[in-house]
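Q: After the C-alpha cells below, expect a handful of questions from me.
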Amino acid sequence: MKENLILKESEVIRILYPPGIVQTDDCYLDEEGRIYTTDTICEGTHFRIEWSGPKEIAQKLVEVNVSDIAAGGGIPTKAFLNLGLSTQCSKEEWILPFSISLQESLSSYNIELCGGDTYRSSSLNLTLTLIGVTTKPWKRSGGKDGDFLYLTGSVGLSLLGYKILKEGLDIPEPLRSLALERHLTPKARLKVSKELSKNSPVSCCMDLTDGLLLDLPKLASSSNLGLKIDLEKIPILSNILTYLSLGEVLSSGEELELIFLSPVELPKTLCETSLTKIGNTTSDWKGVKFFQGNSEKTFEHLGFEHF
C-alpha cells in the first residue's frame with residue numbers, strides 16, 4: 001500500500017461524517033439522557049492471541065467500552081455483542097471461557113447483555129456496543145479558560161507491558177506485573193467518574209487511549225483552547241523511565257485513565273485512585289505546549305494510531 005493511501009483514524013472519522021458535522025466525543029448522547037458507545041478490538045491491532053487468552057480478551061473488550069461511558073459521565077446498563085470468530089476459536093478452548101469471562105465482566109458493572117451477532121472471520125474481531133444513562137453528560141467541547149487539567153492514576157505502564165511481551169524486557173516485580181496487567185487487561189475508571197459526577201464540577205473529559213501526545217490535542221481542539229502541561233507533574237511510576245523515554249511514556253496508549261478539566265481544586269485521591277493536576281487551559285494559544293520548568297519541550301513520538 002502506498003504511504004499516501006494510509007489514513008489516520010481522525011481522517012477516516014472526518015470523511016465518514018457529512019460536511020460541517022464534527023463528532024469529537026467517544027459517546028453519543030440523545031435527548032432523553034441515554035449515552036451510546038461502540039468499540040472494536042481486533043487481533044493484531046489491539047491484542048495478540050499468543051499473549052492474550054479468551055478471558056483477558058473478554059475483559060479488555062468490556063473495559064475499553066465502559067471507559068468511553070465513564071469519560072462521558074454516564075453509567076452503562078445494556079450491551080450488544082458482535083463476534084467475528086476465526087477457525088482457531090473452538091467451543092471448549094475459546095468460546096466457553098470467553099463467554100464466562102464476558103458475563104463476569106459485564107455483571108461487575110451491572111450491565112445486561114441484550115443481543116448481537118456472530119460471524120466467521122479470518123481473524124478475531126470483537127465489537128461491543130454499550131448503552132448507558134447520564135444526568136450530567138461531559139462533552140469534550142466544555143472546557144473553559146482557566147480550568148485545571150487532571151489525570152487519574154499514572155501513565156506509561158501499558159507501553160511497558162507491550163515491550164515486556166514483544167522484546168522480552170527483564171523488569172523486576174512488582175513493576176513487571178503492573179505493566180502486564182495494564183497492557184493486557186486495563187481497567188476503566190468508572191468509580192472515579194461516578195464520584196466526580198456526583199460531587200465535583202467537570203467541564204469536559206476523555207479517556208486516555210492513544211497516549212497523552214495524541215489525546216491532549218484532541219481535548220484542546222474540542223474546547224478551542226490551549227493547554228499548558230507541566231511535565232514534572234505527570235504521574236509516572238518509579239523506575240519506568242529506566243526502561244522508557246519520556247516521549248514513549250507520553251505516547252503510551254490504552255491506559256484508560258481519565259483526562260478531565262475542572263474549574264476547582266480537587267483532592268489528590270478519589271475512590272483510592274490518585275488525581276494529579278498536570279496543567280491548565282489558556283486562551284493565550286491553541287493546542288498543547290509541554291513545559292519543564294520555564295522551558296518548552298517538544299517530542300517526536302506521536303502516540304498510538306489504530307491505522
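Here, residue 1 is simply the first one shown, and the rest follow in order.
Quick reminder: no glycine exception, Cβ is built from N, Cα and C everywhere.
Got these off Swiss-Prot a minute ago, pasting:
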- D26, D68, D207: Mg(2+) 3 binding site (BINDING)
- D26, T37, D68: Mg(2+) 4 binding site (BINDING)
- T38, D39, D117: Mg(2+) 1 binding site (BINDING)
- D39, D68: Mg(2+) 2 binding site (BINDING)
- H46, E254, F304: substrate binding site (BINDING)
- G116, D117, R140, T209: ATP binding site (BINDING)
- D210: Mg(2+) 5 binding site (BINDING)
Q: Under 8 Å Cβ to Cβ from D117 (Mg(2+) 1 binding site), same chain, six or more residues apart: give me those in sequence order, or none if nothing qualifies.
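A: Those within reach of D117 (Mg(2+) 1 binding site), by Cβ under 8 Å and sequence separation of 6 or more, are L81, N82, L83.
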Q: How big is the Cα-to-Cα gap, in Å, between D207 (Mg(2+) 3 binding site) and E254 (substrate binding site)?
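A: D207 (Mg(2+) 3 binding site) to E254 (substrate binding site), Cα-Cα distance: 9 Å.
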Q: Measuring CB to CB from T37 (Mg(2+) 4 binding site), give everything in the same chain under 8 Å that is also at least six residues away in sequence.
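A: Set apart from T37 (Mg(2+) 4 binding site) by at least 6 residues yet with Cβ under 8 Å, we have D26, C27, Y28, N65, D68, I69, G72, T129, L130, G132.
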Q: Take the C-alpha atoms of T209 (ATP binding site) and H46 (substrate binding site) and report the distance between them in angstrom, rounded.
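A: Here the two Cα atoms lie 11 Å apart.
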Q: Going by Cα-Cα distance, which of the binding-site residues (T38, D39, G116, R140, D210) sits nearest to E254 (substrate binding site)?
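A: With Cα distances computed to E254 (substrate binding site), the winner among T38, D39, G116, R140, D210 is D210.
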Q: Measuring Cα to Cα, how far is R140 (ATP binding site) from D39 (Mg(2+) 1 binding site) in Å?
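A: That separation, Cα to Cα, works out to 18 Å.
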Q: Work through the binding-site residues one by one (H46, G116, D210) and name whichever has its CA nearest to the CA of D39 (Mg(2+) 1 binding site).
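A: Closest by Cα: H46.
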Q: At the Cα level, what's the spacing in Å between G116 (ATP binding site) and the residue listed as 'Mg(2+) 5 binding site', rounded?
A: 27
Q: In the structure shown, with every protein chain counted, which of the binding-site residues T38, T209 has the densest set of Cβ atoms within 10 angstroms of its Cβ?
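A: Sorting the candidates by Cβ neighbours within 10 Å, the top entry is T209.
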Q: So for D207 (Mg(2+) 3 binding site), how many other CB atoms are inside 10 Å of its CB?
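A: 27, counting other Cβ atoms within 10 Å of D207 (Mg(2+) 3 binding site).
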Q: Between T38 (Mg(2+) 1 binding site) and D210 (Mg(2+) 5 binding site), how many Å separate their Cα atoms?
A: 16
Q: Indicate whether T209 (ATP binding site) is helix, strand or coil by DSSP.
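A: Its secondary structure by DSSP: coil.
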